[in-house]
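Peer 1: Have a look at this one before I ask anything.
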There are 2 protein chains.
Amino acid sequence: MTIAIDAARLLARLKELGATGRDEAGRLCRIAASDADRAGRNLLCGWLRQAGLRIEIDRIGNIYGIWEPDGVSGNPMVMGSHIDTVIDAGIYDGCYGVLSGLAVIEAMQQAGLRPSRPLTVVAFTNEEGVRYAPDMMGSLVAAGGLATDDALAIVGTDGTTLGAELHRIGYAGSREPGFLKPHAYVELHVEQGPILEAEGQPIGAVENLQGISWQKVTIGGMANHAGTTPMVMRRDAGVAAAQTLAFLDRLARDTQGAVATVGTIRFEPNAINVIPSSAIFTVDLRNPDEERLKGQEVALDTFLNGLRSEGFEVTTERLARFQPVTFAPEIVAAIEASAAERQLVCRRMTSGAGHDAQMIVRIAPAAMIFVPSKGGISHNPAEYTADADLIAGANVLLDVARKFSR
Amino acid sequence: MTIAIDAARLLARLKELGATGRDEAGRLCRIAASDADRAGRNLLCGWLRQAGLRIEIDRIGNIYGIWEPDGVSGNPMVMGSHIDTVIDAGIYDGCYGVLSGLAVIEAMQQAGLRPSRPLTVVAFTNEEGVRYAPDMMGSLVAAGGLATDDALAIVGTDGTTLGAELHRIGYAGSREPGFLKPHAYVELHVEQGPILEAEGQPIGAVENLQGISWQKVTIGGMANHAGTTPMVMRRDAGVAAAQTLAFLDRLARDTQGAVATVGTIRFEPNAINVIPSSAIFTVDLRNPDEERLKGQEVALDTFLNGLRSEGFEVTTERLARFQPVTFAPEIVAAIEASAAERQLVCRRMTSGAGHDAQMIVRIAPAAMIFVPSKGGISHNPAEYTADADLIAGANVLLDVARKFSR
C-alpha cells in the first residue's frame, strides 16, 4: 500500500520554522546555540510532542524524537538532519530533512502502520559550524568522532563556549551522545547544487560524498617597479598564482568527478604599479574517488614544484582533508526503487557538500536523498525548492523508512 | 678641459637631506607640502644661497636656484628633479638630481667658467603624488598642462588643499609657473629599475619614456557552492581573471618593449568554498611605442570580449593613460658623448617610470641620465646607488650642462 505524507502540514511547518529566529534586518540567523536556535528548537520540540514522540536530548544538544510503539524495540530507523542555519540563510537547508522525518512518522501513525522497530527523527546540533568549528559537530560527536567534553569546551567566534551556551538556552541534555544506535540513517536534503534542476530529475539517490582537500598556497616572488622591470627579469608572484589557478581549472575539467575552486586570493603589496611579491590563495579540491583526489593533489604539487624550479618560494598549508564517503548501497537501491514506483525520475549522484550523514555512516548504514535546488543556490535567502519536489522527496523518504523499519 | 663636481660634498648633502623629515619610526616621509617637506626645502634653499644663487619660488611651490652671472642672459640651461618623497622612501629618488644640479653649478663656479646663458637648478613640487594627485604636479603646472589655481585647489588624501598647505609651510611663491622657460632641461635620476646594474653599465642615456595605460577590470561570474557545482556549469570569475593575467604576461613577453603588471586583485565573496562571483584587478601596461601600447590594449579588449562571449560580465575603467614621450636626441647624444669621453659604458634606454622631464619636454628640449639602482629597488629604504655611480652620473650631467650653456 502506498501512503503519503501530509504535504500541506510539511510546507506550513517549513514556513513557520523559516520565520523563526530572524534578526532585526529580517535575515534568518539560527546560529547554533543562540537565542534564535532556541526558538527553533522549541518550535520543533512542540511538534515532536504533538506527534506523541518521546524527546531525548543528549549532552551535545542533539534532539531525538522517538516513536516506539508498545512492544516495539531494537535499534531505530533514523531520519534527520539539522535546524541550525548560516547567517542570512534560506529556509530549506537541514530543516527540510528534519521536518520530513517527522512527517514520515506522522504518516505512518495516521495510516495505522505498526513498524517492527522504532522510528526516530533527529536534529543534530551545529551542522553549519558558523559559530563553533568544526561543522557537522553534533553528528560527529554522536558517531564517536569527537569527545563530547572536548566539543562542549570549544570556544566560538564570539568567545563563548558551546557547552555554556547549550546550557543557557536549555538544550544541554543528559543522554550520552551515541546512546542511540541507528539501524539505518536516511537524510533528505536539498541538493544545494544545480544538477537535478539542470537535468530535470526530481530525486537524487546519493551514493557517495566527495572527498575534500583544502590547502592554503603562498607563492613568494620579488616585488619590483611595474614600469622599470623588464619581463625577463621578473619573478611575479601574481602571474605564478594565476597560472596555478588556470592549471587547476583545466585539471579538474580533465579529471573524472573532480571540482577545483580557488575562492580566496590576496596579493602583496597589492599596489597597482608594484609587481606582487607574494600571492596567497586557497585551493578547494574535491572528488568522490580517493585515488583521483590524491591525483589532483599530486598534480598541484608537481605544478608548484615547477614554480619552485623557476625561483619562486612556494609553501602550502593543509587546512582540511576528508576522504570520500560511500553510502550504504542497500539504502541507495531502496531510494531508487521508491522513486521508480512513484514514477519519479531519479539519478544516482554524489554529494558535493558535507552533511551529517557522512558522520553517521561511521556507525550505521546511511544514505541521502536529494531534491532540486533552484539555480543550485543555498546558504542564501534565495534558496528555493518547488513544493512538488519537496513533497516528492518526503514521500520517497517515507517509503525508505517503511522498508527499513519493517 | 674636463672638470668634476665636488663628490664628497654631494654625497654628504644626499645623506643630510636623507636624514631630514623622518617620522618617529625613522621612516623618510617628506610628503609634498608637509612639515617634513618644509624642512627639506629649507635645507635645500640654504645650500642654494650658499652657492650665491638667486632663489625664485613660483605659485605651485617649485623652487628655482638661478646662477646668472653679470651680463649673462637668455633662457637658462635647467637641471633638476624633486625632493618630495613617498612614505618610507629611500634617499636618492629625486634628491640626487636636484643636488647634482647644484653641484654642477658650484663646479662651474669653482672652475671659473663663465656660461653664455644662465644655469638653473629646480626642485619641482609634489612629483610623487602621494598626498595630492596627480603626481609630477609641479612640472605639469610649469609646463602649462594644469592651471595653477586648479592645482592649488586639489584636495589631498587628508582633506587639506595643496594651496593652503604650501602657504602654511611658507612655500607658496609669487612667480607665475612657467615664468622660466628652459633652453634645455636635463634630469639626472636613479634608474629605479634593474637594467643598468644587471648589464654592468654605469650610465643610461634615456631617449624616451614609456607610455602608460592603467585600467581597472571587473569580471562578473556566478557565485556557487564549490563542492556541488560541476566544472561545466561554472562561471568562475576567479578563473577568468587568472586566465587574463596569464594572457597579459604572455602578451608582454611577446611584444617588443612591453611590460604588463597586475598588481592588485580581489575576489568576491572571497570565501574558500564559494566560486568567486567577481574578480576585480588592475592592469598596468607600458610600452615606449604608442602603436605597440595600443596593440596591447586592443589585445586585452579582444581577450575580455572572449570572456563576454562565454557569459562573463566584464567592465573596464580607465585609471590613467599617458602617451610615450620622446626625449631630445641632441641631449641624448651629448650624454653619450660625455660618457664616452669619461670612459663610462653607456646605453640608450627607456624610462619605465614617470619623471618631471616628461612634463618639461612639452616646453623645452629635455632628456634624462640614469645611474644604476641596486636590485632595481626604489620607493623603499633599501634604495641604493653606489657612490662611484652617483659621482659618475653627476659628472656626465656637468658635461651636458656645460655644453648646453655654452
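Each residue, glycine too, has its Cβ placed from N, Cα and C.
Summarising the annotation, TrEMBL assigns Zn(2+) 1 binding site to A:H82, A:D93, A:H189. TrEMBL lists A:D93, A:E128, A:H379 with the feature Zn(2+) 2 binding site. Annotation source TrEMBL lists domain 'Peptidase M20 dimerisation' at A:210-304.
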Peer 1: For A:H189 (Zn(2+) 1 binding site), what is the secondary structure by DSSP, using just helix, strand and coil?
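Peer 2: Assignment for A:H189 (Zn(2+) 1 binding site) reads strand.
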Peer 1: How many helix, strand and coil residues does the domain 'Peptidase M20 dimerisation' (A:210-304) contain under DSSP?
Peer 2: 36 helix, 31 strand, 28 coil
Peer 1: Please list, in sequence order, every residue of the chain apart from A:H82, A:D93, A:H189 whose Cβ lies within 8 Å of the Cβ centroid of the Zn(2+) 1 site.
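Peer 2: Nearby residues not in the site list: A:S81, A:Y92, A:G94, A:C95, A:Y96, A:G97, A:E127, A:E187, A:V190, A:H355, A:D356.
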Peer 1: Across all chains shown, how many C-beta atoms besides its own are within 10 angstroms of the C-beta of A:E128 (Zn(2+) 2 binding site)?
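Peer 2: Within a 10 Å radius of the Cβ of A:E128 (Zn(2+) 2 binding site) lie 21 other Cβ atoms.
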Peer 1: Measuring Cα to Cα, how many Å separate A:D93 (Zn(2+) 1 binding site) from A:H379 (Zn(2+) 2 binding site)?
Peer 2: 8
Peer 1: Among all protein chains shown, how many Cβ atoms are found within 10 Å of the Cβ of A:H82 (Zn(2+) 1 binding site), not counting that one?
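Peer 2: Its Cβ shell of radius 10 Å holds 30 other Cβ atoms.
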Peer 1: If you draw a 10 Å sphere on the Cβ of A:H189 (Zn(2+) 1 binding site), how many other Cβ atoms land inside?
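Peer 2: The Cβ of A:H189 (Zn(2+) 1 binding site) has 27 Cβ neighbours within 10 Å.
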Peer 1: What is the interatomic distance between the Cα atoms of A:H82 (Zn(2+) 1 binding site) and A:E128 (Zn(2+) 2 binding site), given in whole Å?
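Peer 2: Cα to Cα, A:H82 (Zn(2+) 1 binding site) and A:E128 (Zn(2+) 2 binding site) are separated by 9 Å.
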Peer 1: Excluding A:D93, A:E128, A:H379, which residues of the same chain place their Cβ within 8 Å of the centroid of the Cβ atoms of the recorded Zn(2+) 2 site?
Peer 2: A:T85, A:V86, A:A89, A:G90, A:G94, A:E127, A:Q192, A:S378
Peer 1: For the binding-site residues listed here (A:D93, A:H379), tell me which residue's CB has the most neighbouring CB atoms inside 10 Å.
Peer 2: A:D93
Peer 1: In DSSP terms, helix, strand or coil for A:E128 (Zn(2+) 2 binding site)?
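Peer 2: Assignment for A:E128 (Zn(2+) 2 binding site) reads coil.
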